[in-house]
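J.: Just dropping this structure here.
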């Protein structure tokens, strides 16, 4: 198969400097990004679904996606974004993460049904012809990143030459994780319920401009001084944070080794992605977390520290808004949430336990049991306003099998009965809303083996179509199980 190459600008710069003495690392001059010219074959699941509905436009769902497309969460996370990215990846040259870090947990399965729980590595990694990019908007915990790579390679997944990490991405240190726990302890009754992965403190370092970036690993002569500032800042803010010069020395030595191993992965991903767009390469953006956890648009302060909505694609990858096309919103057939924060449609007692057990609702990253409730149309419409979704992937429809009736939260009212016209930004208002429900009939049939939309029970189809009517966005993909093939194309 013939190959085209896209050289790293870092490689060109290294070559231009000649053999003059330098105290910092540069990328090898021969380093390049290689793409297969021919698109990999469509997965069997897609081919089978297409063959089954040959006369239906559904066969074009995957191939008709725009050059730059995105998969974003449209609730509070854990919707099943990784599975859809894994299914779509063979149709794309690049899969890119634009924000977040190891707080995101994406569970995917290979063709043999083996489970992979990814946190930072993009979900396209299981497909040999796909290049995976971790953009500048992400935060990189280097030991965790290497741990994921080691786990993948020990299971036969080749990562060498297939992952690029932005030189502009910020480094997340163990100290950020320590600070995360100390801050949660200080908040006491205002417990936010973070993943304790250090995400918030790392983004805080970024905003206060004392954070370190991946490119700083190429300047180890000044790395220690910059890290010293970070350690001292943490020690000045938290009494429980112990710091010494020996700790700093140990961490610097540790990162010298990390720098050597990480070097082949480092690239100017802004350049790589924009050059790829010019070359008509197809890019799939994989969002972490979800819109209702967005730092600006989520249920603040019970949110993440980045922008997992459409705007985060541009700021987290360095690509222009005009090049972004289809955005697929991934929405669970019910709702779940990890940690604290408002949850208007939450179910308690046996009803909540039933959804939690049937859906195996335990966090990929934390293992914590997720809070569960009915589908919230008000929140979903709000997410659509922010992101402009072209379609939905409705996941875990099979979990609702066996219910005699299914409720959908269609509107909010104040305690005095006044109906709200939009999703409230004020937390006090949101905590007091009364949810108005629409009741739909359930179905008793196990639908986990269904692969054609018309074969779903009538009540299941009614549920899907009612969601489309209420929100005004078509459902193109329906998940009926965890496996790669457990997907219906509508």
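Just so it is clear, glycine is given a Cβ too, placed from its N, Cα and C backbone atoms.
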J.: Which of these ranges is annotated region 'Disordered' in Swiss-Prot: 14-36, 37-59?
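T.: Swiss-Prot lists region 'Disordered' for residues 14-36.
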J.: Please name the residue among the binding-site residues 80, 367 whose C-beta has the most neighbouring C-beta atoms within 10 angstroms.
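T.: Its Cβ has the most other Cβ atoms within 10 Å: 80.
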J.: Expressed to the nearest Å, what is the distance separating residue 370 (substrate binding site) and residue 83 (GTP binding site) at their Cα atoms?
T.: 19
J.: Please state whether DSSP places residue 106 (active site, proton donor) in a helix, a strand or coil.
T.: strand
J.: Fewest other C-beta atoms within 10 angstroms of its own C-beta: which of the binding-site residues 103, 107, 289 fits that?
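T.: So among 103, 107, 289, the binding-site residues given, the one with the fewest Cβ atoms within 10 Å is 107.
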J.: Would you find the one among the binding-site residues 77, 105, 369 whose Cβ has the most company, meaning other Cβ atoms within 10 Å?
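T.: That would be 77, with the most Cβ atoms nearby.
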J.: Distance between residue 289 (IMP binding site) and residue 77 (GTP binding site) at the Cα atoms, whole Å?
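T.: Cα-Cα, rounded: 5 Å.
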